[in-house]
């Protein structure tokens with residue numbers, strides 16, 4: 001394996017490990033404070049038990065996620081240091097602001113964990129919301145840098161391409177690149193959807209596999225399942241718009257990347273959408289344009305110089321198809337399930353699929369389990385599609401038309417020019433990959449061990465006691481209570 | 001010295017000082033046989049790890065923002081110790097995270113096991129950090145082919161095993177002994193603390209005299225430096241024999257000031273032992289200001305980093321530490337009351 005390939009694999013692996021935890025960091029706070037809110041509003045100890053147990057999960061996952069984040073930050077300055085040099089010179093501002101967001105996340109997480117019964121309920125929920133705000137902001141800010149790599153701005157690109165000199169640097173302009181219009185909503189909506197989907201998948205899994213469930217356990221898992229499904233259904237509206245918007249933005253500002261993701265080899269008016277072996281006529285033109293135009297011209301690889309074709313376009317296209325397919329099926333499923341929870345429809349069609357009582361019937365539970373966890377695959381596949389779809393460039397550039405009529409990308413940096421070719425990177429990089437794998441496996445094992453002997457019933461009983469005390473008593477720490 | 005170069009020492013000094021609290025507990029847990037102090041140390045570590053993690057992020061991002069061209073050094077010379085450091089940090093984070101989760105679920109024996117497991121990794125991180133620090137300031141481990149184009153290759157044997165690295169690291173360890181005695185107010189170890197401080201001072205002065213003459217000359221010719229040394233001894237006595245309000249905060253501040261003083265005494269010079277005086281200015285080494293990011297990005301970034309320093313590190317960290325520490329102490333008191 002060449003060092004260029006290894007460096008890409010290493011960065012991809014570390015990023016994939018990091019994003020495996022980031023969606024939890026972004027989605028879990030909102031799930032937890034929703035549960036906490038419902039606990040107080042309905043005087044329901046089950047929701048309180050959900051909030052308390054899942055806040056511990058959030059803490060453990062945060063620790064490992066931030067370790068992977070630190071790993072990728074160090075890889076940026078060691079393995080991809082040539083790229084990082086340019087980022088530091090032009091687009092470091094989002095990273096600087098992300099420090100504030102990360103701090104907020106960490107500090108408010110600590111306050112939330114230790115603030116149960118030590119601050120007012122409203123203050124506690126606000127602190128929980130601030131965790132989510134911090135983690136979401138962190139995600140947005142990092143995505144802004146990724147967006148800049150796709151549509152670089154904030155410096156004199158032409159001068160840089162001609163002479164290699166950096167001039168006209170405007171960090172504020174660099175912080176808000178046009179590709180962010182596509183990436184930021186997609187990243188946020190996706191993170192929330194994967195988070196809520198996988199939480200629902202977990203509760204469904206427990207309903208399917210736990211034997212001799214007590215009443216308390218049943219009520220606990222049912223509520224968690226319902227809450228995660230409702231939140232997923234809400235976010236799916238945002239997700240649907242975000243996905244559509246991303247396609248339209250790519251059509252306008254990065255047509256070569258759209259061609260890679262959609263596997264468009266030939267420029268065509270009325271371009272079809274290709275999903276695996278299925279070709280839907282005119283669909284890509286229809287979806288990519290606004291107002292919708294089924295006869296619009298979509299640029300394919302045939303309109304670009306061959307040197308700019310993504311050599312691994314098939315990986316990007318396949319990953320993107322997987323991502324979109326799982327996402328769309330997941331969104332439709334979660335809407336149906338949310339509707340079923342809400343209305344408990346009794347008509348024959350819904351009953352045939354067990355949707356008259358989705359928390360108790362096997363078909364909807366299996367659907368939630370599989371589709372919920374498949375959203376993790378969708379999430380990773382989306383990032384694989386996006387990052388392999390940027391090749392052969394690590395920082396894109398303006399699209400210009402050559403004398404032959406073909407388009408070319410005047411890239412700021414090719415991937416081949418950005419990697420670290422020191423041989424020691426290989427053994428140390430492999431060690432990092434092993435360490436991260438151990439950390440992930442260890443985290444899953446430790447989460448299981450942490451909750452061994454910590455039955456749901458015990459937490460529900462404890463929550464019941466807390467709610468009974470709060471109804472009539474006062475805090476020994478003299479904190480205001482509602 | 002350039003103000004941005006001096007500014008960089010703020011996140012560096014902050015991280016080093018915060019990390020010393022954790023590293024100090026590694027040193028003192030085996031030395032201190034008193035259950036009273038061991039319990040306090042575990043409480044502090046459990047409260048502090050998140051602050052240490054965020055301080056490291058602050059340091060790395062500050063480095064990126066202030067010294068963009070340094071990427072060619074981190075990428076071509078320092079990449080190996082940096083990458084190994086991150087592996088150690090991953091295990092360290094994992095252990096601490098599990099300990100925190102155990103603590104919240106009331107599994108105290110698991111909490112203690114994983115906190116103790118995290119500490120050796122903390123020591124290794126400290127050593128690697130020291131290696132990076134001494135290498136940059138001295139130049140040991142840097143094989144410079146062309147300074148102007150930053151054509152530099154690494155010599156890891158020299159980087160790790162040079163005398164300056166080890167003498168300075170032992171000096172740091174000795175200072176950590178002193179720091180920990182003062183931080184926890186361990187009156188039974190007053191003499192150990194004094195010995196630690198004395199050895200640290202000797203080792204720092206000897207190593208800088210030998211290998212960082214710019215720092216040595218700046219320090220010994222500065223009255224403030226000697227006053228600071230006297231204050232350290234005086235505070236050792238006061239903190240271990242009297243009940244000092246905000247004892248921990250004072251030693252934290254003193255150490256932070258000491259680290260900042262070191263930064264000021266460098267006069268912003270790096271690679272002092274491989275770039276002779278007169279090559280770039282009258283002093284040995286190279287001014288770090290040559291490696292600054294462009295002015296526009298530097299100005300914008302410094303404003304945000306300054307906000308991070310003022311608002312978050314100063315304010316929220318102190319508040320959250322107070323909350324965490326207070327809660328952890330309450331838990332210990334409750335446990336003791338239950339046992340009785």
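Each Cβ is built from the backbone N, Cα and C atoms, and glycine gets one as well.
Feature list (source: TrEMBL):
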TRANSMEM  B:6-29  transmembrane segment
TRANSMEM  B:41-60  transmembrane segment
TRANSMEM  B:66-92  transmembrane segment
TRANSMEM  B:113-140  transmembrane segment
TRANSMEM  B:160-183  transmembrane segment
TRANSMEM  B:190-209  transmembrane segment
TRANSMEM  B:215-238  transmembrane segment
TRANSMEM  B:250-271  transmembrane segment
TRANSMEM  B:291-316  transmembrane segment
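Against the transmembrane segment (B:215-238), stretch B:250-271 shows more Cβ pairs under 8 Å than any other of B:113-140, B:160-183, B:190-209, B:250-271. Remote same-chain residues near the transmembrane segment (B:160-183) are listed as 20-21, 23-25, 27-28, 44, 81, 126-127, 130-131, 133-135, 138, 140-141, 189-190, 192-197, 199-200, 202-204, 206-207, 210-212, 232, 235-236, 239-240, 247-248, 251-252, 255, 273 (criterion: CB distance under 8 Å, separation of at least six residues from the stretch ends). Spatially, the transmembrane segment (B:113-140) is not adjacent to the transmembrane segment (B:291-316); fewer than three Cβ-Cβ distances between them are under 8 Å for residues at least 6 apart in sequence. Sequence-distant contacts of the transmembrane segment (B:291-316) (same chain, six or more residues past either end, CB-CB distance under 8 Å): 2, 4-5, 7, 10-11, 14, 54-55, 58, 61-62, 65-70, 73.
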